Amino acid sequence: MLVGSQSFSPGGPNGIIRSQSFAGFSGLQERRSRCNSFIENSSALKKPQAKLKKMHNLGHKNNNPPKEPQPKRVEEVYRALKNGLDEYLEVHQTELDKLTAQLKDMKRNSRLGVLYDLDKQIKTIERYMRRLEFHISKVDELYEAYCIQRRLQDGASKMKQAFATSPASKAARESLTEINRSFKEYTENMCTIEVELENLLGEFSIKMKGLAGFARLCPGDQYEIFMKYGRQRWKLKGKIEVNGKQSWDGEETVFLPLIVGFISIKVTELKGLATHILVGSVTCETKELFAARPQVVAVDINDLGTIKLNLEITWYPFDVEDMTASSGAGNKAAALQRRMSMYSQGTPETPTFKDHSFFRWLHPSPDKPRRLSVLSALQDTFFAKLHRSRSFSDLPSLRPSPKAVLELYSNLPDDIFENGKAAEEKMPLSLSFSDLPNGDCALTSHSTGSPSNSTNPEITITPAEFNLSSLASQNEGMDDTSSASSRNSLGEGQEPKSHLKEEDPEEPRKPASAPSEACRRQSSGAGAEHLFLENDVAEALLQESEEASELKPVELDTSEGNITKQLVKRLTSAEVPMATDRLLSEGSVGGESEGCRSFLDGSLEDAFNGLLLALEPHKEQYKEFQDLNQEVMNLDDILKCKPAVSRSRSSSLSLTVESALESFDFLNTSDFDEEEDGDEVCNVGGGADSVFSDTETEKHSYRSVHPEARGHLSEALTEDTGVGTSVAGSPLPLTTGNESLDITIVRHLQYCTQLVQQIVFSSKTPFVARSLLEKLSRQIQVMEKLAAVSDENIGNISSVVEAIPEFHKKLSLLSFWTKCCSPVGVYHSPADRVMKQLEASFARTVNKEYPGLADPVFRTLVSQILDRAEPLLSSSLSSEVVTVFQYYSYFTSHGVSDLESYLSQLARQVSMVQTLQSLRDEKLLQTMSDLAPSNLLAQQEVLRTLALLLTREDNEVSEAVTLYLAAASKNQHFREKALLYYCEALTKTNLQLQKAACLALKILEATESIKMLVTLCQSDTEEIRNVASETLLSLGEDGRLAYEQLDKFPRDCVKVGGRHGTEVATAF
């Protein structure tokens, strides 16, 4: 957030200085509006300092690569670095133009010495610009190599998913081992390139300009500033002089930029030898520091913005003390050469990245039509190797064929990637996979099938010139019994469809609801042309055959467009009948409210990110935080490593096909001809940094130049079949393959985030934090169970006892839960469904003892299971869900084994609450005086009602409750329960409940809550601040002392409070 802006002109050739400022990480969810200007102590006395000390001399330069690559962060830093280098070039080009113009004007009437100096300056700038250009080329080269390794890693990852969904076999296991090895190699290459790129980031020169504050800086105050950036440190001390100036023992330092890492700044006020008061601590983003001109920034040290640290930061593209090439330059070149060899059969050419990518474009003869060569490459490498080895063990060594071979294939009469508008011939394609389950087969118009002796996975491509009689000869070997059974199956109650409608690319597929279709049997006298599928002929669907154990060949028509789209369409449509039969056993959610389904749209990623962000600053504070972080990371790893088993076998099969084909989409660089003049190489994307970009702008520009281009395979899959990812190479969404389990994980991640926020807020009140940590410990156990379920029985658990084995000991609770959840969603149940089941099972019993209280009792129970501060409203029930782990954990923690008896106890609570709410004035006063503390249940609903009665405007009601709470507080058991509940209420987000809890704590004289009240005094809501301050002042000498210290150093009191677990990065 921009909190201050000013101009700074140190002089020199840089001219006007651009200035920005930042606020760092904010502890509050919403910052208060602040003034844009502040009082600055412009003149700061500097103590004499020795030669500038470089941080990397202390061991910063560590060539050990990181364990995990950070591709998103690398992309951000690369963009910022490129912008900074381009800006440097622009600045120096402007300076060069100015000096050149001066030189021309001075040549006639100037002395030789002046001309010599000016010419010397021009040559210096030119040399520097050439060095900048070379530096940019090195950065581009590394980033291009990084992009390739990233794409290869994504491809290997998706191949792992494809193999995980296929039947297990020895060849598959060997292939999976090889792919894992390749995945590890690509990951190590990415980490190595990150280290090499980090060495090209230059250095940041940071100058201390002093502190500024609104009446916070007094003469004699001493401050210590500690800056941390990765392994680099800078500590300096300063003092505020009598004349308002400042003296610091350090003036300037140098930090080497890091790809991963932020600058952490901590300011401490030194009161004495052992007294140090933390003024503030912030963490700052560094991307915007890559600028050609020095920047003066103002850092907000505290949340109120009353203390600011002024720094002047200058970025230099080169390490001024290390003008020579890095010691690892030879290793880097060797590594790049090794990586380049994977994409070229011969000696790799030196890439320039400004004009073309790693891959050479093919140049067919002008009289031949432009064709894509990826199919030819696949035919010569992928298919051939697959046929020979029957496995994918050598996939990492796949690479495009030599140019001569590719041109041979590209000159075929028809290319299967064309739309077929001008094609007059059709190319029959026969594909067979024997390792697909269920013995699925496809019957063509002649019931073509693979020979009985063909048992290995095989993909064959038959060109148009191929003699069709060879195909007919294959049909003679097919078993007559199999043909007869196929014909009989077609005749039993199944009607053929005359035409399969084209699906809308934007409409999601619903394989479970589509009707079953049969293969249409053509007459045996049909000609050879019937081997091809026409638009008016029903598409052949995959059908289960008891006798067949392999997939019969599928004839595909090249005139219908992309082979991949046809293949996916056939495979997915063939699985429609099985999807209906498997729906119940797969465990996919059906028939639940829309509120439940809304959690499936990208919520798993959001829930993981929210919890990890809340844990990150505080995970070392408690052992429970560390355990939770470990379990959450373990669950996240399981979901990332597991294949995305979708809602049915149909989409799972589509994912397998798509993953295998799109993994290496980036290798599909079309071999289009040169431009019209034939002299230039086709440059797609228009820049060094756009070779592997998938942005919409580049996609449209690519297609506008080449309208016949089909784009990425994954994009075509999405448009024509409705399955697959929307952007090529994008990561698949996290999912367990079971919607009910997904919703359950999201709910518990969100609840853990809420608990972490409350624990951080109450960290200075041990008994409150201890109670909340107990709840968090139970959630850690839940996370462990969720990870086990997701890892071992992904999406296939149909019994609650399998998820929670201890459930069989509580049969009444288990019986009720099975009535609440649907057969296909055992992990959760909508809250309104739980309410309806409670009414159906227990409404008569509750109303018999407490007439008319059944509905509030049930809503109270559901609210307590969800750990809500107040009963749920009827309107919000439809959007809430109860998970089986919440249900079981609640009753276990309360020692409940019989639901009916527990509802009777809860009804007593609700009855007393309604009694207190309905009484007024004298009746309430009389009732409260008659109640003894031992007779009043110290339960959540009763305590909440008593506190809310204190907020009424009626003084007599408030007085009655005050007298009762004061008397009840003498009972130790009641006071402990009330104190814990009201302190926990302070951590809730309900403002009315926070206000009521403050008033109740005031009556209880709860000095134990002072630290939490001090935190609440910094609330954004004025009403809450006033009530908390009044309560604080009423708590005797300790409360008054805490309130007085609040004005002196608020950050020391609220450095944890007010931070609800989320921090926002703020750029310079």
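Cβ atoms are placed via backbone N, Cα and C, with glycine included.
The stretch that Swiss-Prot tags with region 'Involved in cell filopodia formation', taken from the ranges 55-113, 645-703, is 55-113. Taking Ser37, Ser326, Ser389 one by one, Swiss-Prot attaches phosphoserine to Ser37. Per Swiss-Prot, the phosphoserine annotation among the candidates Ser21, Ser410, Ser901 falls on Ser21. Residue-level annotations in Swiss-Prot identify, among Ser43, Ser341, Ser434, Ser341 as phosphoserine. Swiss-Prot records phosphoserine for one of Ser33, Ser397, Ser513, Ser585, namely Ser585. Within the set Ser473, Ser516, Ser523, Swiss-Prot records phosphoserine at Ser523.
Ranges compared are 196-221, 768-793, 794-819, and Swiss-Prot records coiled coil for 768-793. The list of residues near the coiled coil (768-793) in space but at least 6 beyond its ends in sequence, with Cβ under 8 angstroms from a Cβ of it, reads 622, 624, 627-628, 631-632, 634-635, 638-639, 642, 736, 741, 744-745, 748, 751-752, 755-756, 758-759, 762, 802-804, 867, 885, 889, 893, 980, 983-984, 987, 1012. When Cβ-Cβ distances below 8 Å are used as the criterion, the coiled coil (83-112) is approached by residues 13-14, 118-119, 121-122, 125-126, 128-129, 132-133, 135-136, 139, 290-293, 315, 317 of the same chain, each at least six residues removed from its ends.
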